[in-house]
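Q: Please find one structure pasted underneath; my questions will follow.
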Amino acid sequence: MPNRRFADGEVVMGRWPGSVLYYEVQVASYDDVSHLYTVKYKDGTELALKESDIRSQSSFKHRKSQSSSSSPSRRSTSRSRSRSPGRPAKGRRRSSSQSREHKDDKKKTIQETNLALLVLGFLFKLSENNTRRYNGEPDSTERNDTSCIILEQKLKPDLEIERVLEQYSLHPRKEEKKKEERHSEKKFFETIKTIEKASSKTKELEFGGRIGTFMLIFFLPATVLYLLLMCKQDDPSLMNFPPPLPALESLWEVRVFGVFLLWFFLQALFYLLPIGKVVEGLPLPNGRKLQYRINGFYAFILTAAAIGALLYFQFELHYLYDHFMQFAVSAAAFSMVLSIYLYIRSLKAPEEELAPGGNSGYFVYDFFTGHELNPRIGSFDLKYFCELRPGLIGWVVINLAMLFAEMKIHNQSMPSLSMILVNSFQLLYVVDALWNEEAILTTMDITHDGFGFMLAFGDLVWVPFVYSLQAFYLVGHPTAISWPVAAAITILNCIGYYVFRSANSQKNNFRRNPADPRLAYLKFIPTATGKGLLVTGWWGFVRHPNYLGDIIMALAWSLPCGFNHILPYFYVIYFICLLVHREARDEHHCKQKYGVAWERYCQRVPYRIFPYIY
């Protein structure tokens, strides 16, 4: 085992990653396996540094004293030479002009060195800004560090030449030096542009890369079609695969597509109404902040009033149930057309407006994940609008239509207790999302993921037609439950909702204002990015408590359907798989973004989603 040079608690000089600047740091610990020192800067930032990046304070002081002790002798020699009586007056004038020239050249050399350091610092900040998650989701730190090293290596010969010129006072003529400066500056900024463009490319592909995303474009619509066809069967058992396919002409009706378009543009109209406050989102990679109008809850109230008016004028809402398959096909067709439009317009978008996760250069992958981060038509944000409005509010309307369809088909004066529980639980979830609409601005969907087929299909098709699967199932397969069972299921849903809401509130409030006195009881681990990782409250219990609350609620939504078939529990299985995938993605990104701080956090909070299990 190699001997360590620096002891714990020793104050040394540590090099800031990606630059040539050294700062005073204190050694916190040493890892015998990785041979890295954990050091702490004066502002509280902790980083892991190699031994070669650390120097003792005495070496810096020795250089400074050596430089200061040698300077007077050089000055006295120069002064004695200038005063030599054997030199004519003309020689003295030339010596003074050469001295001024030497000073000017020295200033320019220092300025060029400072420019190099400034650009290196800029690139390091750029690599930090390009990182991103769900708890903050980044790009590959490895890639950004490589960019800095490449630039540093390119600049190293130039800096070495300038150091030799400074040491021996060897300077070229003014005209040649100016020409070299212009050429060096031009080459320098060309290198910066090349590195910026390369660093913005998506290197790590998700969902199976190009082949996986190509298959998902067809697999997701087929899954929705399969689930809805199975719910229509008298015996929706998985053993009855495949279900009988309907005729293609029965899956499409122009009138149904027109109703869907009317619904979509009605929600767009509600979104554009000048009601509700306007807030700023999180800073984008280019530093800009977009503005969003928070009026989702008002849109829900206006939608409820419109539905009430339709019912008052004897409109039969179970029309949705009778044409449910056709509505799903219409929504899928619309989402495909919208995705094509989004990709075409993204080809003209500036580089800084592209999504960090959807800029791979592969057509299929970028089309699926979304090429542009925040596509807007004027102030109309397409991704933000689709995230909450047409699909989420449409989910509640579909559930209500299933309730009326159950009453009509089974000649009931009141809906069943199971149907009431499913409608109530899911209504609470939607109202909570709309009431806390501002919180969605800190999620990965808004800050990191582009708007492509994945989100368009998910928002407009998957959410309203798969999330309402329990209510659709109960229409054809009524399930009777007792009041004690209903009470137990209600308690379970309340527990899940409490975990989900309180965990999200803690995270969102801490992200927006960590200095809030109301959050003084929360403890956190500082990171090099300036953000903190919570280690108390729900985020000190498991790493993703909001996911835990989601899964508990999903189970409570499925239990009223009984245990005759597994189909109503598809949502629970899907939700667990989705959240485990997201959790793995979050772990990977956070490890890259926070480094040693994330490892310390994982040691403090060992469980990911399920306490004492996973």
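Just so you know, glycine gets a Cβ as well, placed from its N, Cα and C.
Heads up, TrEMBL stuff is auto-annotated, nobody curated it.
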Q: Out of 15-36, 433-454, 521-542, which range is noted as transmembrane segment by TrEMBL?
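A: The range carrying the transmembrane segment annotation in TrEMBL is 521-542.
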Q: Of the listed stretches (455-475, 521-542, 562-581), which one yields the highest count of Cβ-Cβ distances below 8 Å with the transmembrane segment (325-344)?
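A: Result: 455-475.
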Q: What is the pLDDT of the domain 'Tudor' (4-62) when averaged and given as a whole number?
A: 82
Q: If contact means at least 3 Cβ pairs within less than 8 Å, sequence distance 6 or more, would you call the transmembrane segment (211-230) and the transmembrane segment (455-475) in contact?
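A: The transmembrane segment (455-475) and the transmembrane segment (211-230): touching, yes.
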Q: With pairs restricted to those 6 or more apart in sequence, evaluate whether the transmembrane segment (294-313) and the transmembrane segment (455-475) have 3+ C-beta pairs under 8 Å.
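A: Touching, no - the transmembrane segment (294-313) and the transmembrane segment (455-475) miss the threshold of 3 or more Cβ pairs under 8 Å.
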Q: Take the transmembrane segment (562-581) and find every residue of the same chain, 6 or more past its ends, with a Cβ under 8 Å from one of its Cβ atoms.
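A: For the transmembrane segment (562-581), the list is 227, 230-231, 236-238, 418, 466-467, 469-470, 473, 477, 479, 481, 544, 547, 550-551, 554-555, 609.
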Q: Let's see if you can do this one: DSSP helix, strand and coil counts over the domain 'Tudor' (4-62), in that order.
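A: Split into helix, strand and coil, the domain 'Tudor' (4-62) gives 9 helix, 27 strand, 23 coil.
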